[in-house]
Amino acid sequence: MSEAGGGRGCGSSVPQRAPWSLVAATAAFCLVSATSVWTAGAAPMSREERQKLGNQVLEMFDHAYGNYMEHAYPADELMPLTCRGRVRGQEPSRGDVDDALGKFSLTLIDSLDTLVVLNKTKEFEDAVRKVLRDVNLDNDVVVSVFETNIRVLGGLLGGHSLAIMLKEKGEYMQWYNDELLQMAKQLGYKLLPAFNTTSGLPYPRINLKFGVRKPEARTGTETDTCTACAGTLILEFAALSRFTGATIFEEYARKALDFLWEKRQRSSNLVGVTINIHTGDWVRKDSGVGAGIDSYYEYLLKAYVLLGDDSFLERFNTHYDAIMRYISQPPLLLDVHIHKPMLNARTWMDALLAFFPGLQVLKGDIRPAIETHEMLYQVIKKHNFLPEAFTTDFRVHWAQHPLRPEFAESTYFLYKATGDPYYLEVGKTLIENLNKYARVPCGFAAMKDVRTGSHEDRMDSFFLAEMFKYLYLLFADKEDIIFDIEDYIFTTEAHLLPLWLSTTNQSISKKNTTSEYTELDDSNFDWTCPNTQILFPNDPLYAQSIREPLKNVVDKSCPRGIIRVEESFRSGAKPPLRARDFMATNPEHLEILKKMGVSLIHLKDGRVQLVQHAIQAASSIDAEDGLRFMQEMIELSSQQQKEQQLPPRAVQIVSHPFFGRVVLTAGPAQFGLDLSKHKETRGFVASSKPYNGCSELTNPEAVMGKIALIQRGQCMFAEKARNIQNAGAIGGIVIDDNEGSSSDTAPLFQMAGDGKDTDDIKIPMLFLFSKEGSIILDAIREYEEVEVLLSDKAKDRAAILKGKMIPSYIINSNPEMENEEQPSSENDSQNQSAEQITSSSQEVDLVDQESPEESFLNSQPESSSPADTDNAASVSASEQNSNPMENHETTSLDGECTDLDNQLQEQSETEEDSSPNVSWGKKVQPIDSILADWNEDIEAFEMMEKDEL
């Protein structure tokens, strides 16, 4: 995200609207000079410890990059649990997430400038040669314009920037002759057809070989794009124009930014999340600083820094004033409606907003940056990682964590701005958590659920492009880096572009279009970065004093609505009606609902439906109370459902060579030992005979004292449990008989009983889908004896391995010695879906609870439930109904509110690589039982994918 250097000159030393040559020369000074201010905020970290942590980051990068090169290259990304490459079309579609993959060795290109930052110049030279030799940009693949721009075009430009720097130094890259730049130019021209719209906003997707709108392209019919998708192009496209002299790229990117600025909501100066690329109408009218908008704001400020165009700064400051007025509720950043910015659109925040404190540092607004960063750090300390989304009272909303780097980025820039060693300790925590919970033998695996510690078989390219770069720079001294990092600006993917581009090939008209749309008061705009004496008013404990009140904000928080009720009591006013107190037969309650713009409708089937229209409320305060009441009703519905279901469990492989680093998401059972109330069960696994476990076992000696593996099907789950328990098993794992099923693409479910008394079953029973079960079965084939831990969530490795002869790096999260124990090796989404809450109206159905015998852990269409005699039942969340005429939101009290308009995705088509010169399958290591005959129910996958993202 942020600029490597910092502001636009320091305090009064640089006049307003200073010549860009002077500003460029001092662009990095503010953040660096501030480091001398902080020495007493926390115990200083010795240079030796900082070097040790920096070396640990280098080893972690080698582990991730080396395993990608060994097991995945030339595929786009590494699948770290199965130790193979992810190739588009050879794996089950993950929807929009796969649009980043274009069969162009994504991870290698995204890692190019990281290699130089980490002083791996020889590896960088080898990597550049591989890119030039192997990468083909003419594949018949539909890709995201946004992701391809920031990752691939940005990666090529960042690699080119550092290649010419190394060539000038005279030791490396002497053979280099702008080959990466020529590839970047080729890619730039391939992306240009996406801009063929009346608005100038690009189509969200393009076919690398056939462009858009052609029959062969399989794209070009989309009408909507996210604000960040259209507004995060100017740095890469302008740099491409400045490097090559071809002005068309910068012109197209500027036109898109101009259109977004023109379409902002004029009264609030906010932009929505999604816009129609043809009409310019806002499709989603909620606004925040997270997914869908984030890097649009970032690129306005950085375009000013890189290009020296004052209009970009004016626009940024106008938006920033609106953000701080409406969205910022320190330490929270909550989405609002662009037309009614005093009304919150959500009661939760997404993880992508973690970049914003870093952007505030670049802006020079340090206090709110410290506050928001500290709040996020408290959430991380509670869950080890930042969940994809969490509520205003800091409960997990979406439990995934794909190893996002935004928090590390903000940590680095806050340390640069303050010099406070507290942020070094924060970085140390991030390193420890990555090694302790995400590190696996073949790289680092994303977290599927931060609550259980279960893994997902993905390692996104941005993890290597950004995370290791920011962590290394956090602990590095200036002499540890072979070039001056302050001479470059970071793109949103942390690629490096040189600041000298500001004075190169300036053939673009810099007409100030901002004033055409709004009257601006220059006194509100910062034309220089603040003087550090103003940022830190003669108090070396300034940042600590801001953090201190927030240290317990997560553990001791209460919902914002409760705070308002308490304030109302103190003022003597009557508190607003709460969802938990509402009674449909109470006339007083009905009158309060009417005042809040909420109407009650009796349906023919006996249900009672609540519908809110904010415009019918008696006042804006009553409308806000009505919105809060509807949100509470939705949350109450979700909570009531969750009380009837069990959370997911974890199967952790603790034997050699896994040592607890592979955690599989498991479904619980409604019978047997409750792992949340009793100590975990640990033991070696053994397959039962018969494998279905539906009759008395013929190999009781094999399962005696062990955890039995059983296949699903042919009888009830409880019957299987009784048979293995009678044979002496201490636990059971049921593996799905539907080959190819996976917790990545299907909701987990809990195993129901057989309708009889199951108190006789005393052992724990867990369920694994086929893919996760195959990991255990493959481990048995390779290592014979495999020991697992059945628990409610993943356990600390130190506790698991206590008393065993295990390499110290496994227990202490210090991987420096890992290469002695394991085989050696060579060394921004934006498409995140978001739940939509429409400002005009919402509705809630009040219906009876479903029977617990029909319960699934996550919402799933009825058609996706595998039908067999296992009596695998589920708790089905009520689906949201959408009426475009009334534009309202529906939920029922027995389920979570979801938005089907945002949940339904088109199935990504299987695409074939048109390049004959790269063997995409040569390094793929198939696990037959995982990939064979993958028969995915596409409807269930599409519903689950949007629900989880």
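Keep in mind that glycine also has a Cβ here, set from the backbone N, Cα and C atoms.
According to TrEMBL, the feature transmembrane segment maps to 20-43.
Marked as active site, proton donor by TrEMBL: Glu147 (among others).
Summarising the annotation, TrEMBL assigns active site to Asp294 (among others).
As annotated by TrEMBL, active site, proton donor applies to Glu388 (among others).
The active site feature in TrEMBL is assigned to Glu406 (among others). Counting every protein chain shown, the number of other Cβ atoms lying within 10 Å of the Cβ of Glu406 (active site) is 26.
Taken from TrEMBL, the feature Ca(2+) binding site applies to Thr492. Within 10 Å of the C-beta of Thr492 (Ca(2+) binding site) there are 29 other C-beta atoms, taking all protein chains into account.
Sequence annotations record features per position, and here TrEMBL assigns region 'Disordered' to 815-923.
The annotation compositional bias 'Polar residues' is assigned in TrEMBL to 824-843 (among others).
According to TrEMBL, the compositional bias 'Polar residues' annotation covers 856-885 (among others).
Each of the active-site residues Glu147, Asp294, Glu388 was scored by the number of other CB atoms within 10 A of its CB, and the lowest score belongs to Glu388. A gap of 12 Å separates the Cα atoms of Glu406 (active site) and Glu388 (active site, proton donor). Of all the recorded positions in the record (Glu147, Glu388, Thr492), the one with the smallest CA separation from Asp294 (active site) is Thr492. Counting in whole angstrom, Glu147 (active site, proton donor) lies 19 from Glu388 (active site, proton donor) by their C-alpha atoms. Spacing of Glu388 (active site, proton donor) relative to Thr492 (Ca(2+) binding site) is 18 Å (Cα to Cα, whole number).
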